[in-house]
Amino acid sequence: MSVEFIKTDEDLPPVAVVERPKWTPAKIVLWVAIAIIAAIGWIMVAFVRGEDLSASWFVAAAVGSYLIAFRFYARFVEAKVCRPDPRRATPAELKDNGRDFTPTDRRVLFGHHFAAISGAGPLVGPVLAAQMGYLPGTLWIIFGVIFAGAVQDFMVLYFSMRRNGRSLGQMARDELGKVGGIIASIGILLIMVILIAVLGIVIINALAESPWGVFSIAMTIPIAVLMGVYMRYIRPGKVVETSVIGVFLLVVAIIAGGWVHENPFWSEVFHLEKTTLAWCLMIYGFFAAVLPVWILLAPRDYLSTFMKIGTILLLAVGIVIVNPTVQMPAVTEFASNTDGPAFAGALFPFLFITIACGALSGFHALISSGTTPKLIEKESQARLIGYGGMLMESFVAIMALVAAVCLDKGLYFAMNAAEPLTGGTAQGAADFINNQLGMTGVQTSPEFLENQAVLVGEESIVSRTGGAPTLAMGMAQILGNVFGGQAMMSFWYHFAVMFEALFILTTIDAGTRVARFMLGDAIGNFVPRFRDPSWNVGAWITTAVMVGAWGSILLMGVTDPLGGINTLFPLFGISNQLLAAIALAVVFALVCKMGLAKWAWIPGIPLAWDLAVTMTASWQKIFSSDPKLGYWAQHFAYRDALAAGETSLGTTEGAAAMQAVVRNTFIQGTLSIVFAVIVLMVVVMALWAAYKSITAKGPLPTTEEPFQPSRMFAPKGLIMTSAEKQVKEQWDALEPAAVQRTGQA
Amino acid sequence: MSAAVARLAAPFRAVHWYLKELMGENAYQHYLASYERRHGTREGAMAERAFWRDVTDAQDRNPQTRCC
């Protein structure tokens with residue numbers, strides 16, 4: 001092993017330790033063992049059939065693959081492209097202001113970054129994708145994250161870190177020019193609108209006609225306000241204490257939801273229709289975005305972070321202890337046709353769109369640029385935080401997939417087939433599954449479905465589409481097995497719904513707020529006053545516009561005669577993946593500009609794959625003649641039927657419903673076109689920028705901030721090495737005055 | 001005896017530390033440390049209550065995205 005101590009100032013201890021470990025026999029044995037575990041996991045998951053497959057093999061395949069990818073591929077990417085400079089000071093060190101720029105312990109930042117990137121997405125997508133069987137989803141989640149998602153997060157984080165934490169939109173403007181920057185910004189804004197709307201539909205599908213769920217989610221608002229007041233006036237800064245009180249109240253709210261469910265009067269009060277809930281969500285979103293954050297947003301964010309970490313740990317422990325048996329086949333009929341009830345479309349490209357978060361999520365590029373790079377202590381930590389954080393999210397997606405594929409198949413499809421197919425009744429769902437589903441080996445009975453609904457304290461679990469209720473059911477079965485048995489299943493079901501709702505509401509309110517600021521900035525180009533965030537009228541106008549934008553899509557989705565989520569979820573996935581295309585294209589251009597065109601395939605392959613997926617999907621959504629798939633085919637089919645004077649088509653009854661389909665497909669089809677065109681323009685501009693830098697004579701001007709030597713020490717990996725410990729002791733022994741740094745006053 | 005207790009308590013203390021860091025409870029201590037690095041003294045730094053107000057008010061102006 002060679003150890004090099006890096007110094008930038010002779011009077012100070014080293015600022016970094018660069019170690020090049022040699023392969024020792026013990027290490028070789030360790031990595032061979034990890035490889036063998038991963039390989040056995042994969043063999044069991046991918047090839048062994050006809051026996052009961054238990055969930056632990058998924059964990060083995062996933063964790064083994066992640067470790068190998070992190071140790072080898074991520075290091076390769078780091079060595080060839082990112083080349084972190086241990087001498088270089090990061091923005092956190094240079095612009096330290098004790099706030100948004102401040103050097104943050106790598107372990108803490110890892111947690112922060114993970115909490116910021118993971119939400120409901122990795123939980124919902126894999127559940128829907130389970131209709132194609134467990135194998136396609138597992139392969140895409142694990143290989144997707146290794147070669148695409150984690151690479152994107154890592155590289156965006158790295159490039160932003162070298163540019164004082166500039167945002168993706170700003171980097172696009174720097175690299176692609178003003179027009180490219182504006183187009184990318186419009187794309188980001190539109191994509192956020194769709195993301196918020198579809199997440200809203202997911203949560204409304206879980207809450208509609210569920211008095212228990214509605215009551216406990218509604219209670220999170222007064223709980224958050226209480227926490228906000230407590231932290232502002234009574235115990236400022238006592239975050240953990242306040243969160244513990246909040247979580248305690250949350251559990252009380254879930255238990256009280258059970259009483260509401262049983263009480264005829266209150267159950268009627270909280271029994272809300274989807275449209276009512278959509279309006280509630282819009283009103284909530286508006287106020288959350290205009291009120292000061294301390295009242296609602298900040299406490300809800302604490303609550304959501306606390307619940308996120310707790311629940312994910314709980315689920316991991318549950319899966320390991322219960323080790324449930326997989327019920328779904330490896331590959332179902334729906335992988336090769338377009339008849340799946342949970343979402344329409346064939347495996348390629350729609351599986352890769354349905355599972356966005358967890359494998360490749362463009363939204364992460366907004367966190368990896370802007371927030372996290374301002375907090376990182378050392379460039380060498382970007383691999384741990386960017387690549388490692390995304391591997392964690394991928395593992396969450398694997399757990400969600402496991403929870404879904406271990407459910408009874410009949411139950412899974414009864415929950416995920418839209419209401420027009422099942423009629424919304426247990427009898428209808430059983431008839432549909434037994435006779436029309438189009439998949440062999442799935443049988444169920446109305447009694448079984450009714451019994452399952454009673455177990456989780458719901459009136460019905462038929463057609464509870466959107467993924468969240470299915471995951472809640474899977475979690476309830478797993479957690480009920482460990483804690484409390486059947487008697488506790490209804491508690492765990494509503495616990496799971498509650499935590500998904502918390503994530504989604506946090507995304508909706510924070511997203512609306514961010515979108516409001518982005519819109520204000522954009523209008524500010526013409527009416528400068530809109531740039532002033534403290535101007536209330538401007539805040540109300542921009543918020544109303546953004547809420548109106550996602551709210552109209554939300555209303556369209558929840559009233560959609562065809563079920564809503566199965567037609568809109570692909571649009572959500574497509575927009576998220578298109579955002580990834582923008583991020584990867586910017587990264588691709590940057591790599592070429594650095595003179596590293598030889599290594600441009602590292603972001604280039606995921607970019608090409610992502611473009612193939614999103615463009616095929618957009619193409620099919622726009623041009624497919626199959627009305628189940630193509631928005632326009634459906635649009636014209638319904639228009640023609642209406643023109644011919646018909647009052648029903650397929651499962652749609654009545655002229656009003658048919659007109660709704662015509663309207664909805666028009667909007668969905670138009671959005672598909674707009675998204676695809678925007679992204680293609682950005683990608684073409686990025687390729688042009690890359691071409692110019694490859695053919696240019698001499699290096700192009702860089703957009704990197706100039707080098708400044710670091711004057712602080714931080715370890716590289718999660719665990720400090722002994723050499724790093726020695727250096728840390730030297731720093732700890734110094735007088736504080738000796739380590740004074742140049743930050744912003 | 002006390003050494004054994006300390007060893008037993010160590011993992012719990014570590015978890016508590018991590019939780020506090022992750023949730024941002026130590027933000028004020030970090031702010032003070034940062035202030036001292038920049039100014040060489042803690043004099044002139046915001047008081048705790050004012051700091052926490054300022055933290056949320058700053059979030060008002062700079063909203064942060066939460067991912068899906």
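Just so you know, glycine gets a Cβ as well, placed from its N, Cα and C.
Database features, via TrEMBL:
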| type | residues | note |
| --- | --- | --- |
| DOMAIN | A:55-617 | domain 'CstA N-terminal' |
| TRANSMEM | A:28-48 | transmembrane segment |
| TRANSMEM | A:54-74 | transmembrane segment |
| TRANSMEM | A:140-161 | transmembrane segment |
| TRANSMEM | A:182-206 | transmembrane segment |
| TRANSMEM | A:212-231 | transmembrane segment |
| TRANSMEM | A:243-261 | transmembrane segment |
| TRANSMEM | A:309-330 | transmembrane segment |
| TRANSMEM | A:384-405 | transmembrane segment |
| TRANSMEM | A:491-508 | transmembrane segment |
| TRANSMEM | A:537-556 | transmembrane segment |
| TRANSMEM | A:568-592 | transmembrane segment |
| TRANSMEM | A:666-691 | transmembrane segment |
Stretch-level contact, the transmembrane segment (A:243-261) and the transmembrane segment (A:54-74), CB cutoff 8 A, at least 3 pairs: no
Positions on the same chain near the transmembrane segment (A:212-231), where near means CB under 8 A and six or more residues out: 206, 237-239, 242-243, 245-246, 249-250, 253-254, 256-258, 260-261, 266, 270-272, 277, 284, 294-296, 298-300, 302-303, 457-458, 490, 494, 497-498, 501-502, 505
Which of A:54-74, A:491-508, A:666-691 contacts the transmembrane segment (A:568-592) most, counting Cβ pairs under 8 Å: A:666-691
Tertiary contacts of the transmembrane segment (A:384-405), as residues 6+ beyond its ends and Cβ separation under 8 Å: 55, 58-59, 62-63, 66, 69-70, 74, 77, 106, 109-110, 113-114, 117-118, 122-127, 129-130, 133-134, 137-138, 141-142, 144-145, 149-158, 312, 315-316, 319, 324, 326-328, 355, 357-359, 361, 364, 368, 372, 376, 412, 470-471, 474-475, 478, 716-718
The transmembrane segment (A:537-556) versus listed stretches A:140-161, A:182-206, A:491-508: most Cβ pairs under 8 Å: A:182-206
Cβ-Cβ under 8 Å with the transmembrane segment (A:309-330): same-chain residues at least 6 beyond its ends: 45-46, 49, 52-56, 59, 111, 115, 118, 130, 133-135, 247, 396, 399, 402-409, 412, 441, 475, 477-479, 481-482, 495-496, 499
